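Visitor: I grabbed these lines from Swiss-Prot:
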REGION    367-427  region 'Disordered'
REPEAT    133-155  repeat 'PbH1 1'
REPEAT    157-179  repeat 'PbH1 2'
REPEAT    180-202  repeat 'PbH1 3'
REPEAT    204-226  repeat 'PbH1 4'
REPEAT    234-256  repeat 'PbH1 5'
REPEAT    257-279  repeat 'PbH1 6'
REPEAT    280-301  repeat 'PbH1 7'
REPEAT    320-342  repeat 'PbH1 8'
REPEAT    403-420  repeat 'Hemolysin-type calcium-binding 1'
REPEAT    421-438  repeat 'Hemolysin-type calcium-binding 2'
Amino acid sequence: MDYNVKDFGALGDGVSDDRASIQAAIDAAYAAGGGTVYLPAGEYRVSAAGEPGDGCLMLKDGVYLAGAGMGETVIKLIDGSDQKITGMVRSAYGEETSNFGMRDLTLDGNRDNTSGKVDGWFNGYIPGGDGADRDVTIERVEVREMSGYGFDPHEQTINLTIRDSVAHDNGLDGFVADYLVDSVFENNVAYANDRHGFNVVTSTHDFVMTNNVAYGNGSSGLVVQRGLEDLALPSNILIDGGAYYDNAREGVLLKMTSDITLQNADIHGNGSSGVRVYGAQDVQILDNQIHDNAQAAAVPEVLLQSFDDTAGASGTYYTTLNTRIEGNTISGSANSTYGIQERNDGTDYSSLIDNDIAGVQQPIQLYGPHSTVSGEPGATPQQPSTGSDGEPLVGGDTDDQLQGGSGADRLDGGAGDDILDGGAGRDRLSGGAGADTFVFSAREDSYRTDTAVFNDLILDFEASEDRIDLSALGFSGLGDGYGGTLLLKTNAEGTRTYLKSFEADAEGRRFEVALDGDHTGDLSAANVVFAATGTTTELEVLGDSGTQAGAIV
């Protein structure tokens with residue numbers, strides 16, 4: 001049965017506060033055992049119902065809101081509202097609500113004319129509780145101009161579907177999936193949100209994302225991550241099709257998660273890596289188009305690295321393991337350092353199969369002793385045999401990747417555009433002819449203490465074509481050697497140049513690398529690759545219901 005809000009006194013004139021009239025129609029539908037509350041075309045202004053967890057409009061079992069179409073029926077927060085509103089439209093906190101939703105309308109948070117954090121759609125039970133909302137359907141809904149989240153279904157929700165909907169110009173994420181089970185996001189678009197386009201968090205599992213698009217967002221296009229609390233990781237998630245492009249950070253970030261498949265997507269033009277796997281296991285990256293990323297920093301198109309949460313809630317070091325990257329077409333921008341790169345942080349068991357990689361400075365760099373490449377001849381890094389301390393490791397006339405061991409190695413790239421990583425120990429590095437990259441994957445690879453020097457020496461750095469890759473170390477740029485910067489200086493004779501930090505780790509080690517000759521006039525961000533600005537993903541606290549303390553990013 002349909003309940004027309006105008007029969008309950010709603011005007012939809014863009015001026016009057018219609019909250020009470022719309023809620024009366026919802027209550028009538030619920031009292032009758034369920035139904036559809038219909039809002040004809042018009043702008044319906046609403047105010048806060050009371051506490052943040054009361055929202056503006058409270059849906060109940062069996063009740064759906066329906067309008068005349070996105071942009072035709074608009075529910076808009078009144079000017080001057082100064083209250084926190086956890087869901088302009090929402091379900092009740094602490095109650096199990098089922099068989100409800102909304103379709104064919106727009107929610108407008110009016111963020112330019114209000115204050116207080118306002119979310120668009122919110123539903124969920126109680127974090128950590130045994131109950132859940134069930135059977136939720138949202139179709140053809142636009143959520144815009146919220147100061148908080150656009151769509152924010154929360155823990156726990158079972159069998160939720162959001163399809164053919166849009167979230168844009170919101171202050172945080174466009175779409176959140178916070179502890180959803182057996183749920184689907186399909187054919188949705190998130191753009192121009194201040195943070196992520198899509199944020200999948202807090203133990204969400206058995207979840208499918210099909211043909212969604214995220215572009216022009218202030219952080220990542222799509223994030224799948226655990227978050228602040230020590231909970232079960234998001235898992236068994238399929239991301240199929242769609243596009244993630246022109247976002248400020250990663251196109252897709254998979255962090256502290258497991259059993260994820262990303263396939264058939266177009267990922268391009270993002271500020272950082274196209275895909276970043278960060279402390280995740282059993283990830284499959286299949287048949288995607290990944291291209292022209294690294295727009296804001298020198299980073300790989302696809303980056304595999306582990307995540308250190310030992311100081312966090314879990315006390316765990318999340319090693320990235322068992323990543324399968326197959327059948328992708330990967331091409332780089334001018335800043336793309338590698339097509340696919342593993343960090344030297346324990347990441348291992350990566351399988352790279354039949355990927356087409358072009359237009360990057362180097363195609364592949366792997367450190368894991370069990371990681372493999374097939375379909376790309378010559379892409380596997382060359383590594384010295386055990387006990388090669390002091391023995392030379394020499395490349396040939398092609399583009400080589402030379403990896404030192406734990407001793408004082410000597411690496412000579414020979415001809416070609418080579419990658420040299422001396423590893424631990426005091427190494428001597430020579431790129432030879434070609435545009436070479438000298439990689440430092442850990443601060444302890446090249447350092448000094450108050451009593452000893454263990455820095456590597458680069459013998460033939462050519463500033464016009466060679467590069468020093470420090471992106472794994474977290475330094476932000478050149479400076480005075482403090483605050484995450486490196487000081488550039490020469491010795492008294494001007495025969496040796498140093499890049500050095502004055503900030504020691506717990507063992508008293510301060511990063512330092514030496515270059516033969518005076519390079520004070522030619523080392524810059526053009527040939528020294530620092531950590532990408534804003535590419536680390538902190539675990540920020542997110543707002544939940546009016547009684548919850550917080551969630552994750």
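Every residue, even glycine, has its Cβ placed from backbone N, Cα and C.
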Visitor: Any chance the repeat 'PbH1 5' (234-256) and the repeat 'PbH1 3' (180-202) have 3 or more Cβ pairs under 8 A, given the pairs are 6 or more apart in sequence?
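Guide: Yes, these stretches are in contact.
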Visitor: Which whole number is the mean pLDDT over the repeat 'PbH1 1' (133-155)?
Guide: 97
Visitor: Which bits of the chain, at least 6 residues beyond where the repeat 'PbH1 7' (280-301) starts or stops, bring a Cβ under 8 A of a Cβ in it?
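Guide: Here the qualifying positions are 248, 251, 254-274, 318-333, 335-341, 359-360, 365, 469, 471, 529, 531-535.
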Visitor: Quickly jot the same-chain residues contacting the repeat 'PbH1 3' (180-202) by Cβ under 8 Å, restricted to those at least six beyond its ends, or write none.
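Guide: Same-chain contacts beyond the flanks: 132, 150, 153, 155-174, 208-227, 229, 231, 234, 237, 244, 247, 551-553.
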Visitor: According to DSSP, how is the repeat 'PbH1 5' (234-256) divided among helix, strand and coil residues?
Guide: 0 helix, 13 strand, 10 coil
